[in-house]
Structure formats: structure tokens, C-alpha cells
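Asker: What follows is a structure written as C-alpha cells; I'll ask about it next.
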Amino acid sequence: LRGRGRRCLPALRSAAMAVPLRRRLPMLPLLLLAAGGLRAVERSSSAMEELATEKEAEESHRQDSVSLLTFILLLTLTILTIWLFKHRRVRFLHETGLAMIYGLIVGVILRYGTPSTSGHDKPFSCSQEDRPFTTLLVNVSGKFFEYTLKGEISPGKIHNVEQNDMLRKVTFDPEVFFNILLPPIIFHAGYSLKKRHFFRNLGSILAYAFLGTAVSCFIIGNLMYGVVKLMKLVGQLSDKFYYTDCLLFGAIISATDPVTVLAIFNELHADVDLYALLFGESVLNDAVAIVLSSSIVAYQPTGENTHAFDAAAFFKSVGVFLGIFSGSFMMGAVTGVVTFTKLHCFPLLETALFFLMSWSTFLLAEACGFTGVVAVLFCGITQAHYTYNNLSVESRSRTKQLFEVLHFLAENFIFSYMGLALFTFQKHIFSPVFIIGAFIAIFFGRAAHIYPLSFLLNLGRRHKISWNFQHMMMFSGLRGAMAFALAIRDTATYSHQMMFSTTLLIVFFTVWIVGGGTTPMLSWLNIRVGVDPDQDPPPTNDNSERRNRTKQESAWLFRLWYSFDHNYLKPILTHSGPPLTTTLPSWCGLVARCLTSPQVYDNQEQLREEDSDFILNDGDLTVTYGDTTITANGSSGPHTATTSLDGRRTKSSSEEALEHDVGAADHEVTSRGTRLVFPLEDNA
């Protein structure tokens with residue numbers, strides 16, 4: 001009976017009942033002894049099972065700690081190597097490339113250096129069910145165990161399921177990348193945006209990011225569809241690969257991430273306009289790529305062939321793209337505006353609240369069906385423009401440093417995981433034809449993205465995008481964290497697994513080869529380095545030509561927006577800007593006094609952004625204080641009042657004021673608590 005436990009008790013009881021009553025009494029002590037022994041065996045067996053369960057939980061906890069420690073050691077080793085490279089002035093390999101190399105080494109060790117530790121997987125057949133369950137409860141000897149769905153396994157690989165517990169532990173859920181690692185990277189890009197040169201090239205950046213990404217997506221998608229047809233013809237395609245899958249791959253791989261190039265640009269102080277074009281394109285390009293991929297997934301034609309072209313479904317996808325992007329943009333901007341803290345006396349609480357509001361923007365957008373990447377990007381831009389001015393001095397420094405550290409750690413963590421995933425991911429499908437075709441398609445897609453758009457943009461630009469700039473932008477089309485995160489998010493089907501494996505190889509190649517060749521390419525293209533980021537192009541002797549150049553360099557839409565923002569939004573949302581009592585009509589005096597922050601009247605030294613003073617050279621900004629009108633370019637009328645250095649007001653015409661304002665040196669003019677920077681002649 002030993003080992004059978006509770007199941008033996010009914011049999012024993014039945015055997016005892018079969019004995020006559022007169023013979024049952026002498027056997028009673030023996031029966032009681034046997035029942036007690038069975039219960040003792042049962043309790044011992046239950047205790048052994050609980051002990052085994054505790055040991056398994058402890059072993060699982062230990063493996064979790066080891067897996068996290070592995071990534072911590074990878075980041076530590078990367079940081080130490082970065083310090084060594086910076087000390088030795090080594091530029092042929094960026095920190096992200098280092099993280100990938102270390103990830104590859106650890107992946108090889110985990111794959112081939114650790115034995116298989118579990119072999120308990122056994123397939124069960126559920127032929128009565130026609131769909132998988134997210135959560136499954138399994139009854140094992142009266143005990144219920146919960147199992148969660150991880151994904152589909154093809155019948156040919158049913159016996160190749162990962163049997164190494166350690167490799168399972170270091171394979172993260174794709175949602176970890178989207179909900180934890182991506183938000184600080186994207187937010188830092190918006191929060192640390194250098195607005196001066198970004199908005200100077202705003203029109204070109206928008207064209208590259210929106211139109212260029214769409215062009216690149218469709219060119220890569222159509223070329224890859226031809227590659228898929230070729231693979232089917234030569235017999236190298238073992239499963240379905242639709243046209244929409246090719247377009248999805250085009251959207252994924254169109255997400256550029258020139259982090260290596262930009263880091264070298266920043267270190268060498270390369271040309272600021274080229275830096276602004278590349279950085280601005282990469283920031284907005286990620287947002288466009290993720291919304292574009294969502295629109296392609298939403299493409300569902302009606303009829304029997306769900307992958308044929310359908311005009312109604314196409315326009316529906318376009319509407320989904322516009323709706324998701326505009327909704328995410330509005331949600332991010334509104335969240336950034338309403339992050340209005342009054343915790344100046346407690347910088348720690350103020351910083352914590354700012355951090356939570358910023359991160360919640362991403363999650364709120366995802367929960368509402370929008371795109372968190374777009375929302376958190378514009379939340380960062382909005383908070384840098386408005387909320388930053390309301391923070392205490394300590395919180396300004398803390399928020400900048402906090403998101404810079406989070407961005408650095410998250411980005412290097414992702415690149416380390418890329419190297420690790422090459423050996424730990426179990427669903428790789430490498431096709432030489434598809435990989436070679438992808439590299440060729442990316443080259444043509446990037447070329448169609450840069451050169452035709454640059455030609456069209458140069459037709460309306462005063463400061464042309466030169467050929468060496470275009471070649472450098474063509475060369476700098478690296479793929480990185482966003483492409484990897486988009487590819488790993490869905491690896492359930494054969495086509496998506498092949499796309500993920502190819503994306504991983506493309507990221508490796510562009511980061512190592514293209515990133516390592518940035519410095520020689522700068523020298524070969526004769527692009528100037530050692531430029532002060534706040535330095536404008538060399539001045540000319542012709543003041544009128546200089547004024548026309550600055551007006552053409554600055555986007556006209558932004559010049560109109562800045563005038564409205566400086567006069568009306570800044571006084572409402574921040575403690576800077578002119579009081580609304582001086583910018584609104586006199587009959588709005590009560591509303592103006594209610595909406596204007598009291599600090600605007602109290603602060604004689606106004607909060608001023610580092611890059612805001614350039615607008616006065618580039619736009620039509622007019623600020624009125626009582627009967628005094630100060631105009632940046634003299635467009636307010638035939639008579640304007642200008643303020644000289646000694647505080648006297650003089651009358652001049654629009655042309656005279658404009659010629660008088662444009663000069664070589666910067667002088668400050670303070671009027672009723674608002675500090676504006678005007679470039680005045682030295683002899684004024």
C-alpha cells in the first residue's frame with residue numbers, strides 16, 4: 001500500500017466491510033494501525049511535494065537573480081570600456097556596438113556553456129478546442145496548476161523547445177521593451193531637443209520624417225515582395241509570406257536610429273545644421289514608423305482574399321494613421337501642458353511627480369489605443385518648453401540628469417539584449433536570399449528617401465542642403481532600438497520570425513560597419529567639425545542678405561506660432577513671458593489679470609530658455625508694453641519705438657529699425673519684467 005496514499009483508503013475500507021462482524025472486532029486494532037500508517041505516509045508524501053515545490057521556487061528565484069546580474073555586469077563592462085575608449089580617444093566603435101559585442105559573447109556562453117536543466121515538457125492534445133487559451137488550468141492528481149500562453153510552435157519544431165531554464169530566463173517579454181525601456185529613450189529625445197537648430201530646419205525635418213519614411217516604406221516593401229516571389233520560385237519559401245508582411249517589414253526597417261553617428265557628431269562638434277537634420281529626422285521618424293506599422297496591421301480588405309488590394313481598406317488605413325498620430329500628438333502635448341507643479345519647496349517631490357507624469361503619458365496613450373511613442377515624444381518637447389520653466393533650480397538639474405541616465409542605461413540594455421538574442425532566441429529563420437534582398441532594398445529606399453526630397457527642399461531653401469550633407473545623411477541611415485523593438489513585438493508567424501532575424505543582422509551591420517566609418521566619412525566629405533553648437537554661419541557684410549537668410553532658414557509656420565506662444569501661452573502656462581495685461585486688448589484686463597501668473601510681475605529677471613533668443617533674428621515678433629512697441633524686424637507699422645542702451649526711446653521707420661537691430665553684438669533690453677535679447681550695433 002505504500003506510495004499509493006489516499007487512493008488506498010477506500011479499498012482498505014471495502015475489504016474491512018467484507019469481513020463478518022464477529023471477526024471484525026479482533027481485527028480492529030490492526031485496521032486502525034494500517035489506516036494511521038497510510039495517513040502518515042500521505043502526510044510525508046505531501047511534505048515532500050511541498051519541499052520540492054519550495055526548492056523549485058528558490059531555484060527559479062536564483063536563476064532570476066543570475067539573469068538580471070548578467071545584464072548588470074554587461075552594462076558595467078560596457079561603461080568601463082566606454083571610459084577606456086574615451087580616454088584613448090577611440091572612435092571606430094561606439095558604446096552601442098560594444099554592448100552588442102558583449103551581449104554576443106554572453107549569448108554564446110549561455111547557449112553552449114550551460115547544460116539543459118529541464119526535460120519535463122510533454123505535449124497534450126486538445127482536439128476539441130479550435131483556438132488557444134491565454135491561461136490554462138491543468139489538474140494534476142487533484143492539484144490545479146496555471147499555465148500561460150507564450151506563442152505558437154510549428155509542428156516541425158515541437159521537439160526543439162528550449163530545455164535550458166537559464167536561456168528561458170534571459171528571454172524577455174517584448175512588452176518589457178515597449179513599456180519600460182522605450183519610454184525613457186523617446187522622452188529624453190524630446191526633452192533634450194535643441195530647439196534653435198531644430199526649428200530652423202523644421203520644414204526639412206518634417207519632410208524627411210513623414211514623406212521620406214512613407215516613401216522608404218513602400219519602396220522597401222515592394223522590392224521585398226519581389227524577393228519573396230523569387231524565393232518562392234527557387235523553393236526557399238516554406239510558408240506564407242504576404243504583400244502586407246513585406247510592407248510591414250518596410251515600415252519596421254524604415255525606423256532609423258543614428259545614435260552612433262550623432263554621438264560622434266556631438267563629440268567632434270560637427271556642423272550643427274547637419275546634426276539637426278539627422279537628429280530631427282530620427283526623432284520623428286521613429287514615431288512615424290510605429291504609427292505606419294500599426295496602420296499596415298489594420299489593413300483588412302473585405303472579401304475572400306484578405307491580402308488583395310482594396311481601396312476602401314487602404315483609405316481606412318490612411319485614416320487610422322492620421323487618427324492615431326494626431327490623437328497621440330494631442331494627448332502628449334496636453335499631458336505636457338497640464339504637468340504644472342507648485343512644489344518648489346520640495347524638489348524631491350517635484351522631480352518624482354514630474355517623472356511619474358512623464359511616464360504615465362506613454363501608458364495612457366497605449367491604454368487609449370494610441371501610440372505611446374508619439375505621445376511621450378511630444379510630451380517631452382512640451383514639458384521642455386513650458387514645464388521646465390516652472391521647476392525649481394534643483395528639479396531642473398535633477399530631471400535633466402535623471403532622464404539622461406535612464407536613456408543611457410535603457411539604450412545600452414537594448415543593444416546588449418540584441419547581441420544576446422542572436423543565440424538565445426529560439427525562432428530564428430535566416431534566409432540568405434531574403435537578407436541580401438533586404439540590404440539592397442534598404443539602400444534604394446534610403447536613396448529615394450534622401451536625394452529626391454533634398455532636391456525638392458532646396459528649391460525653397462535659402463541655405464541649401466549641399467551634396468556632402470546629402471551623402472552623409474544617406475550614409476547615416478542606421479537601424480537600432482526602435483526597429484528591433486518593432487520586430488520582436490510579434491514573432492508568432494513564419495514571416496515575422498524571418499523579418500526579426502533579418503532586422504537583427506541589419507542592426508548589427510549598420511552599427512558596427514556604418515557607425516565605425518563615420519569619422520572617415522566626415523573627413524572624406526569635407527564636412528566641417530569643431531563648430532560651436534550655438535554659433536551661426538559666418539556673417540556677411542550685406543545686412544539685407546543676412547536678414548533674408550535668417551528669415552528663409554526659419555520655418556514661417558514656427559515664426560507665427562512663436563509669436564502667439566510668447567505673447568499668450570507662455571504667460572498662462574509658465575512664469576515667463578510678457579504679462580497678458582500688455583498683450584491682450586484693454587477690455588480683456590480682468591481675464592488677463594486672472595490668467596497671468598503673479599511671478600511674471602514679481603520677477604525682474606525672467607526665466608529664459610537657452611535657445612529662445614534666436615527667434616528674434618528669425619521671425620516677426622512684436623511685443624507691446626503700453627504705448628511702446630518693440631519689433632524684431634520692423635513689421636509693426638511705419639513708426640516703431642526702439643529702446644537704446646541708455647534706456648531712451650527713439651522713433652524710426654520700419655526699415656531704419658530693422659537695419660538698426662541687425663548687428664554683430666548681443667545686448668539685453670529689460671522692460672517691465674521681461675528680458676528680450678536684441679542684436680544691436682556696437683556703436684548704437
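Placement of Cβ uses the backbone N, Cα and C atoms for every residue, glycine included.
Not my notes, these are from TrEMBL:
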- 628-645: compositional bias 'Polar residues' (COMPBIAS)
- 646-670: compositional bias 'Basic and acidic residues' (COMPBIAS)
- 78-524: domain 'Cation/H+ exchanger transmembrane' (DOMAIN)
- 628-670: region 'Disordered' (REGION)
- 67-85: transmembrane segment (TRANSMEM)
- 97-114: transmembrane segment (TRANSMEM)
- 176-193: transmembrane segment (TRANSMEM)
- 205-227: transmembrane segment (TRANSMEM)
- 247-265: transmembrane segment (TRANSMEM)
- 319-340: transmembrane segment (TRANSMEM)
- 352-385: transmembrane segment (TRANSMEM)
- 405-425: transmembrane segment (TRANSMEM)
- 432-451: transmembrane segment (TRANSMEM)
- 471-488: transmembrane segment (TRANSMEM)
- 500-525: transmembrane segment (TRANSMEM)
Asker: Is it true that the transmembrane segment (247-265) and the transmembrane segment (67-85) have 3 or more CB pairs under 8 Å, sequence gap of 6 or more?
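Answerer: Counting Cβ pairs under 8 Å (6 or more apart in sequence), the transmembrane segment (247-265) does not reach the transmembrane segment (67-85), since there are fewer than 3.
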Asker: Could you tell me whether the transmembrane segment (205-227) and the transmembrane segment (319-340) are in contact, taking contact to mean 3+ Cβ pairs under 8 Å with a sequence separation of 6 or more?
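Answerer: With fewer than 3 qualifying Cβ pairs, these stretches do not touch.
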Asker: Can you say which of 97-114, 205-227, 405-425, 471-488 has the most Cβ pairs under 8 Å with the transmembrane segment (432-451)?
Answerer: 205-227
Asker: Using a Cβ cut-off of under 8 Å, list the residues of the same chain at least 6 residues beyond the transmembrane segment (405-425) that approach it.
Answerer: 71, 74-75, 78, 95-97, 99-108, 110-111, 167, 170-172, 177, 180-182, 184-185, 187-189, 259, 480-481, 484-485, 488, 500, 504, 507-508, 511
